[in-house]
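Annotation source TrEMBL lists domain 'Response regulatory' at 1-93. Residues annotated as 4-aspartylphosphate in TrEMBL: D29. Summarising the annotation, TrEMBL assigns domain 'OmpR/PhoB-type' to 106-204. Summarising the annotation, TrEMBL assigns DNA-binding region to 106-204.
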Amino acid sequence: GDYNLFEAYNGKEALEVINSNNIHLAILDIMMPEMDGIEVLTEIRKERNIPVIFLTAKSEDTDKILGLNIGADDYIVKPFNPVELTARVKSQLRRYMELGAAPASQNLLVIGDIELNDSAKEVHVLGEKINLTPKEYGILRFLMENPGRVFSPKEIYAKVWDERAYGAEGTVAVHIHHLREKIEANPERPRHLKVVWGQGYKME
């Protein structure tokens, strides 16, 4: 399909573009003048859950990106193949758009005081709206659609990332950790998002 491309030459400009247009995906360089990519993403996440792909020159940055709970959906290390970037963009956009395509009967999922409204793409805990990244949302929805069932990190990764599970355990664990911080009253002793040691995760 055709993409409508908006360019920005620094982080501040990028935010202005995102705030004044109907943007569905952002590709951010980590190193940008005015505001760096991480600052820009932090601002984006206050308002939006659009997919964000980071460009980085150093592979060691990738650990930082994943380790920071800032909600990057993917990253690509320079120099990269444009075909690979396009494939990642397509995959992220497809998932973002598909999130709105669940059947009507599946639109409201409730477990305890956690309520997921799939039409509005919103999650409320005790009536309060929680901001989740697209990946966190995907994991939560998948587990809430299958209450009580245990899924391995590989299964969760395959479902939510839609890719082969390379390094799945660590990536999924980081997202589960962030998800708990947001939806559990006491993340250390979760009531709903449970680990089954040696097997995986479940919602109950």
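Glycine too: its Cβ is placed from the backbone N, Cα and C atoms.
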Long-range same-chain neighbours of D29 (4-aspartylphosphate), Cβ under 8 Å, sequence gap at least 6?
G37, F54, L55, T56
Local confidence of the prediction over the DNA-binding region (106-204), expressed as mean pLDDT:
87
Under DSSP, the domain 'Response regulatory' (1-93) has how many residues in helix, strand and coil?
41 helix, 13 strand, 39 coil
